[in-house]
Amino acid sequence: MDKLVIEGGVPLHGHVALSGSKNAALPILLAAILVPEKVCFANVPPLRDITTTIKLLQLLGCQVDQEGPEVRVTAGEGLHPQAPYELVRTMRASVLCLGPLLARLGEAEVSLPGGCAIGARPVDLHLRALEQMGAEFTLKGGDIKGRCDRLRGARIAFDFPTVGGTENVLMAAVLAEGETVLENAAREPEITDLARFLNACGARVTGHGTSVIRVQGVTSLRGTDYTIMPDRIEAGTYLAAAAITDGKLVLENGQLEHIEAVAAKLQEMGVHIEERPEGLVASRGKELHGVDVTTQPYPGFPTDMQAQIMALMAISHGSGLIKETIFENRFMHVSELVRLGAEIKLSGQSAMVRGVSSLYGAPVMASDLRASASLVLAGLAAQGRTEVRRIYHLDRGYVRMEEKLRQLGARIWRASE
Ligand SMILES: CC(=O)N[C@H]1[C@@H](OP(=O)(O)OP(=O)(O)OC[C@H]2O[C@@H](n3ccc(=O)[nH]c3=O)[C@H](O)[C@@H]2O)O[C@H](CO)[C@@H](O)[C@@H]1O
Ligand SMILES: C=C(OP(=O)(O)O)C(=O)O
């Protein structure tokens, strides 16, 4: 197993190129199941989750080839409807093949993903919405088995603006008969990216980016070329890296409009962020201050940035309260940040962070993807040596993070345990 070793205390400087978005690429690659012709994707981030998705597409009968960030998928004849547990358990996003398989084949057999370190992560809202469109489900041996004739359009009002649920239903609706209206739909930029891809294939989706999405079903989709959007969570993480090390970074292809809530909180803390032609420029102001943060669905502050802003608050002046409202167990990084000298008190879904003047290197354990990123950030700021173990979590979502950081001046390397 690999670990990252960090000698902290070096301010980061330079340009960093953002990779394609993991959370956009995963559903969009699976949406290719809907398209019988070849689809050519660019800017696909070379990540462990992408490799898993490609394996899944191949198991489902798609032809896939990959050259770096370019991935070509053909979902021709002879598709299979089964997504096995071995793959689904390693990547929750696998459940997003349910909507496309039902729409394309009229059947799907996808293992129930189960929970993960950050929470239970149920899919009841996905299933209920697909049932409204005519699908029938049974659960046997841990597998969801779904069947339908051609799905029919429906008016679906989500109880909560679920990101995965909106994606699954949106993909199912593009080939359904008639109109589907999704109310209280998720508004995340990754949903917009998915809708744009589907429209490029001939789908008729409007309203994406708002909470009411309308889909006029069509009978088939055609192949296209599509470039995945840049990763806004990677962007937020590097903004935090500039601030926590007291450096100055230019995030090439960073888009402020996708991370306004994050930028606003960082600015409130004292970070300078500017949008320039060369990218987003971030540097620390004179002094950083703690702020209160509550995670919310987009356009609110993203849960995927909660751990990283906590690391930054750990070395800011004053205190701040962080409330996590999306996942019930997304505070696993707290005890590890405390090992580095942070002062954080947990109470239910809230964490009170009292800034300290410095952190001190220590061995720490990553429990999930963004927790890993927060420990790397803290390690970059800490005095002495930090070792972050179990970084397979980090590799699920950050492209060559240690190489990118090293190019910015960080003393960080990968070693095996
Ligand atoms: C709203 C939100 O911030 N969603 C995040 C969530 O998406 P992801 O798609 O994983 O999760 P959802 O948006 O669906 O879930 C958000 C909340 O709804 C609940 N829920 C969801 C589906 C369902 O069928 N039943 C149900 O009860 C979940 O338990 C959770 O509390 O994790 C991703 C990875 O960290 C993030 O990129 C998304 O931004
Ligand atoms: C937890 C995350 O991803 P996933 O939904 O793939 O687990 C994330 O992107 O922060």
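Every residue, even glycine, has its Cβ placed from backbone N, Cα and C.
What TrEMBL lists as domain 'Enolpyruvate transferase' is 7-405.
Cβ neighbours within 10 Å of LYS22 (phosphoenolpyruvate binding site), excluding its own Cβ and spanning all shown chains: 26. The phosphoenolpyruvate binding site annotation in TrEMBL covers LYS22, ASN23.
Marked as UDP-N-acetyl-alpha-D-glucosamine binding site by TrEMBL: ARG92, ARG121, PRO122, VAL123, ASP124, LEU125, ASP304, ILE326. Under a cutoff of 8 A between CB atoms, and with a sequence separation of 6+ in the same chain, the neighbours of ARG121 (UDP-N-acetyl-alpha-D-glucosamine binding site) are ARG92, PRO113, GLY114, GLY115, PHE327.
Within 10 Å of the C-beta of CYS116 (active site, proton donor) we count 16 further C-beta atoms, all protein chains included. The DSSP secondary structure for CYS116 (active site, proton donor) is strand. Positions annotated as active site, proton donor by TrEMBL: CYS116.
Taken from TrEMBL, the feature 2-(S-cysteinyl)pyruvic acid O-phosphothioketal applies to CYS116.
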Checklist entry - Over all shown protein chains, what is the count of other CB atoms within 10 A of the CB belonging to ARG92 (UDP-N-acetyl-alpha-D-glucosamine binding site)? => result 18
Item to check | Distance, ASP304 (UDP-N-acetyl-alpha-D-glucosamine binding site) to LYS22 (phosphoenolpyruvate binding site) (CA atoms, angstrom) | outcome: 12
Checklist entry - Of ARG92, PRO122, VAL123, LEU125, ASP304, ILE326, listed as binding-site residues, which ones have a Cβ less than 6 Å away from ligand 2? => result ARG92, ASP304
Item to check | For the domain 'Enolpyruvate transferase' (7-405), the mean pLDDT of the predicted model | outcome: 96
Next on the checklist: Give me the CA-CA distance between LEU125 (UDP-N-acetyl-alpha-D-glucosamine binding site) and CYS116 (active site, proton donor), in Å, as a whole number.
Outcome noted: 18
